[in-house]
Amino acid sequence: MDGLEDFLPQCRETSLVFFVNGKKVTEPSPDPEWTLLWYLRRKLQLTGTKYGCGEGGCGACTVMISRYYQVEKRVKHIAVNACLMPLCALHGLAVTTVEGIGNTQDRLHPVQERIAKAHGSQCGFCTPGIVMSMYALLRNKSNIKYDDIETALQGNLCRCTGYRPIVEGFKTFMEAWEGVNNVNEPNKPCSMGNDCCRVSKKDDEELYSKSKFMPYSPTQEPIFPPELVLKHDSYAKSFLYYRGKNVMWVRPQTLEELLLLKNKFPEAKIVVGNTEIGVEVKIKKKIYPILIHPFLIGEMNVITVADGFVRVGAAVTLSELEEFLKLYSEKCSSAASQVLEAIIDMLHWFAGSQVRNVASLVGNIMTASPISDLNPILMASASTLTLSSLDKGIRKTVIDQSFFTSYRKVNVTDNEVVLAVDIPLIEGMQFFKAYKQARRKDDDISIVTAAFSVKLDRNTQLVNEAKLCYGGMGPTTIYAEKSSNKMKGLYWDKHLIKIVFDSLTDELQLDSSVPGGMADYRKSLCLSLFFKFYIYVLNKIKTNGVKLVDDFELYEISHRTPNSTQCFEIKKNVKSNYDTIGKPIVHASALKHATGEAIYCDDIPILHEELFLCLVFSTESHARITSLDPSEALIDPDVIAFLSASDLTKEQNKMGPILKDEEVFASEIVTSRACVIGAIVAKSETAARTAKDLVKVAYEKLQPLIITIEDAITYGSFYSGYPNLLQKGNIVKAFEVANYVKEGYIRTGAQEHFYLETMSAFAMRKEDELEIICTTQNPAEIAMQVAEVLEIPNHKVVAKVKRLGGGFGGKESRSALLALPVAFAAYKLKKPVRAVLDRDEDMQVTGYRHPFLIKYKIGFDNNGKIMGALFEIYANAGNSMDISNSMIERASLHVDNCYYIPNVQIKAYLCKTNLPSNTAFRGFGAPQAMLAAEAVIRDIANTLGKSYEEIATLNLYKEGDLTHYNQSLQYCTLSRCWHECIDSSKYWQRKKMVDEYNRANRWKKKGLAIVPTKYGISFQTDVLMQGGALLLIYTDGSVLLSIGGIEMGQGLFTKMIQVASRALNIDISKVHINEMSTDKVPNSVPTAASVSSDLYGMAVINACNVLNERLEPYKIQKPDGKWEDWVSAAYLDRVSLSATGFYSAPKIEYCRKKNSGNLFEYFTYGAACSEVIIDCLTGDHQVLRTDIVMDLGESLNPAIDIGQIEGAFIQGYGLCTMEEMLFSPTGEVLSRGPGAYKIPGLSDIPKEFNVSLLKGAPNPRAVYSSKAVGEPPLFLASSVFFAIKEAIKSARNDAGFATDFTLEVPATCARIRMACEDHITEQVKPTIKSKGQPWNVVP
């Protein structure tokens, strides 16, 4: 860095000017380390743009950037990830955030209105980013098609909704629908046909009315800032230089200046999109002192076509490249454009549109990732780089096996600059194809990529040249040279396949310890992908114009536009016009979600003298702390304090929701990498994050190190009091009389909550009191634990929650991990303190869904009737008890799922391991246990050669049956849900079609499965079955309601407003819920177990009844009066207009010793049928259709309830298929962000998604005859898992392998492929050698 300023021209610009939402922003001293996200949130206080991951993988921070192109006289708009966008790159550009397009006070933008009113927002944290992605699409395109919408949203994740309502809301922007709203002819037919909003359904038969949406008109959009057009030259052509504390940013004007800079400062990094450097800086803590932005270098920003190749400038973005190649390839012959087509195809799956809009092809090359999507294509096509340097001038280098020298290293000297890459066109008998395999189809890094090129002799059709190139098979992109050479001189026939397979098996060597794991799968993919290419080429070599082989089934699984139906019943409310119970009312905060006005914990404005706290976590899984030295961290004057166990007494340092078996700060021993060593408190987030890495901790490693369930079994590491035994009947006798006894097991992994809002906390001391706002589902417990740590009475601590950006159980108890240190720091230092976990920190320490191993032994008769069952349940609880004891009890109580088992014995073990403490997650142990029940039924069917449906129907619970814990099933609608699902899904008809498809296809297989569910509603303990409410009526007639529950997207506040509206007989607009606060409703229970609507609904009714009784005399006096008149009269008469409400559920009559009585209030029942298609060669799958029938009694709000069903189903789908938490053998969490951990994306939802609420099934045991909905639907996603298993069975049968096999959960692409055993897997498996420790273990 020394001497850089002397080297730069005197005429340089050092201030940054750009526009945000039409307003000019001038930053005189920008720091190159600032991101746009940081600046928007911290400097401009535009908090609608959210922090979700910090690595461009979730889309929560999406904004639109607009740039004026002077030559073309046009403005181009792109969506970008603000978390990766360097602020310094914005000089002369315009930024639009969600606040800039509309708000609830003035005017909503149609995008905001439609996502909100289509019920496309639940927790709302992801909504602003989704809105901005769609908005950018509308600004760029006038003729919207569904593929455009799906592509625009590839980079946006949603954890709540299941995507369906988002898609449905945005489909209204497609030209066909928009055309209806912009025509003047009332009788003009709509191109949407029967789906037209004017003819399809009545408003009261739909979840929302499309006809009421305001039309979208591009002419109403804000204008591009005129100054950026008029002063384009001064902004777009000036030499920029920005200096920060650690980094300098330079934007040269010419190539000569760039080459001079690189010659003088060869370590300087060229940055285009910052999509790789930004992640390295944030995650890997790298610092690049000089960043050079080649924005003005003409040679690097253009695409040209020369003789035989396309030249792509080094700074051309991937989106620009894709757009150009699509247009150009249409002009080329299909043969010539094969490489271009391969790149186009690959770009569609490359990251999300926000990344493609800024990242460059050359940036991807120079990153040299071994799992690059594009480098195998460039290597196989022998693409060429043009480089330039001051000392060597221009040189060219081919991207071949010598170009990638080692892991992330290339054959380019530090002072050289890549100007362009030349992509060749091909002619004649050359064939080219590329393939990618990833965990998730959209926006995912690859597991293996492949690009194949072969040239045949036109006359003899012998192979002249061949290039087989792979990514993901070593530290670099590799060219399988030996195998490629062996192909020369061979005919393109089956003999060639055998030679290539044998050669690849020998040439590509991986062992069990290879980074990334999955060695057998990755190697099998190399052969499978070549086999696909073989068939592709075979069909290009035509005989009399007829294809030699039907290769349709070897191509990608076909793309389909999703469709859906939602069936529900709306009761006509004759009592009152105000009554909204049972109607699809929009979420109370939906419009605020869509405009970015909804405030979350970290959106609270920064206060004067506010401090930021960062936790220091253990880097060992089981060790003794031998020394702790924060001195280096405390050198920085911006670092205020380091807090550790030495600042607390032993009693103060204890924490835990049930057992106090954890420490706020680890004092002597760490038992996982989630243990908190201490906390850095500093004046800024940057200072705190820098300082925490400077705290020195020395450890003495301890043994044993217990990571997996199998480790715990080996060492006998179980929590005290376990195994827990539950039994009914005589299991020994049952096995004696059974005709068959079958044993098996089911294994499930850990699932990360991946709520979009990471753990956050904000605390401030007020005199000797403390107020804390944090991301918790249990504010009362946080307040109590804070009081204990501070050693002050609970009445001096107030905990508040306005809303959470998702919870799913993950914020029920683990939020204390961050909240307690923040509270302690604020109280001790007497300053406001804020803390937000980075995504990687959150995923490392906050716990997961418990991994399970369930071993079962089942006895049954000749008909398939279950006689008895023995279950051994092992759950990996992690390093502390947390609430695992309650979880394992629920698992034990749900291991029957929906089946009557007369004799049963259950042994449930809680494994104590050195992983982060596992915690509540939607379903709370029940889904894992119910999987065992479904596995049992299918095992019986396989053993007897009967159908699953027959065995399931035979054993299905009926009205009045006793469960294995002896609760009688009353109002049991299970059979109704089951049969209605079979009928509505046309199950039997489709099963025949699936069988026919499978007989006709070898490499693509379909599966169809139906699954029932029964979920018990209760906390299972009396003390938690209570709820409170506070109702305040103001003199203008408005009502303020407070309840003990929190809003986290499940619509609790909305439902309670509806309940109060009915109970008071007033319009819902008069009722408002501000937040949950412990000084309004004390001693509340966690918002969990799906019971909140039941508890607080009854408490609200209780409070309303009290006030109705007080107002009754005034209603009698003035029966024709209005609500406001009665309220005013009561006030003038000095009648109290506030009331508390309370509800305690009927006492639980279950006796654990006797295993008898009623443990649950009632049960929520449902059934789902899913159809899938799998690719047997790669393990890819797609859900073609899902039909769900759910008994929710009389729904309080069908829109919210159907949203909960769909959201739970997609979350369960992730559990069953793609969400795989990876851990090293030493307990390190390997999945620490959206790059490594994949939740379902928009393209993963069922292509047909039908949800139906069971009619005529009122529930007498809950508020207004409704039923709980949050958790029960999640298990229905196992229908996808079992459908996949059915498809695999067909593939195994074709290949001659046994159809009785175990498939572990999740059924990832790797597990699916390796379960579809065939000649490829048989050839590969023996070649995978065991060396050292495996890269990852299953917890």
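Each Cβ is built from the backbone N, Cα and C atoms, and glycine gets one as well.
What TrEMBL says about a protein is an automatic prediction, not a curated fact.
The following features are taken from TrEMBL:
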DOMAIN    14-101  domain '2Fe-2S ferredoxin-type'
DOMAIN    242-428  domain 'FAD-binding PCMH-type'
BINDING   270-277, Phe350, 360-364, Asp373, Lys436  FAD binding site
BINDING   Gln777, Phe808, Arg922, Ala1089  Mo-molybdopterin binding site
ACT_SITE  Glu1271  active site, proton acceptor
Cα distance (Å, whole number) from Ala1089 (Mo-molybdopterin binding site) to Asp373 (FAD binding site): 43
Gly363 (FAD binding site) CB neighbourhood, other CB atoms within 10 A: 22
Greatest C-beta neighbour count within 10 angstroms, which of the binding-site residues Ile270, Val272, Leu361, Ala1089: Leu361
Entries of Val272, Gly363, Glu1271 which, being recorded positions, have CA atoms within 10 angstroms of Arg922 (Mo-molybdopterin binding site): Glu1271
Segment confidence, the domain '2Fe-2S ferredoxin-type' (14-101), expressed as mean pLDDT: 97
Shell list (Mo-molybdopterin; ref centroid = CB of Gln777, Phe808, Arg922, Ala1089; cutoff 8 A): Gly807, Gly809, Gly810, Glu812, Ala920, Phe921, Phe924, Thr1087, Ala1088, Ser1090, Gly1270, Glu1271
Sparsest Cβ surroundings (other CB atoms within 10 Å) among the binding-site residues Phe350, Phe808: Phe350
Of the recorded positions listed as Gln777, Ala1089, Glu1271, the one whose CA lies nearest the CA of Phe350 (FAD binding site): Glu1271
Extent of the Mo-molybdopterin binding site in Å [max Cα distance among Gln777, Phe808, Arg922, Ala1089]: 13
Neighbours of Ala1089 (Mo-molybdopterin binding site) among the recorded positions Ile270, Asn274, Gly363, Glu1271 (Cα to Cα, within 10 Å): Glu1271
Chain-internal residues, separated by at least six, CB under 8 A from Glu1271 (active site, proton acceptor): Arg922, Gly923, Phe924, Ala926, Tyr1015, Ala1089, Ser1090, Ala1208
Pairwise Cα distance for Leu361 (FAD binding site)/Phe808 (Mo-molybdopterin binding site) [Å, integer]: 39
Secondary structure composition of the domain '2Fe-2S ferredoxin-type' (14-101) [DSSP: H/G/I, E/B, coil]: 15 helix, 31 strand, 42 coil
Asp373 (FAD binding site) CB neighbourhood, other CB atoms within 10 A: 23
Packing count at Arg922 (Mo-molybdopterin binding site) (other Cβ atoms within 10 Å of its Cβ): 26
Residues satisfying Cβ distance under 8 Å from Glu276 (FAD binding site), sequence separation of at least 6: Ala359, Gly363, Thr367
Asn274 (FAD binding site), number of other Cβ atoms within 10 Å: 26
Alpha-carbon spacing, Gln777 (Mo-molybdopterin binding site) to Asn274 (FAD binding site), which is rounded to whole Å: 36
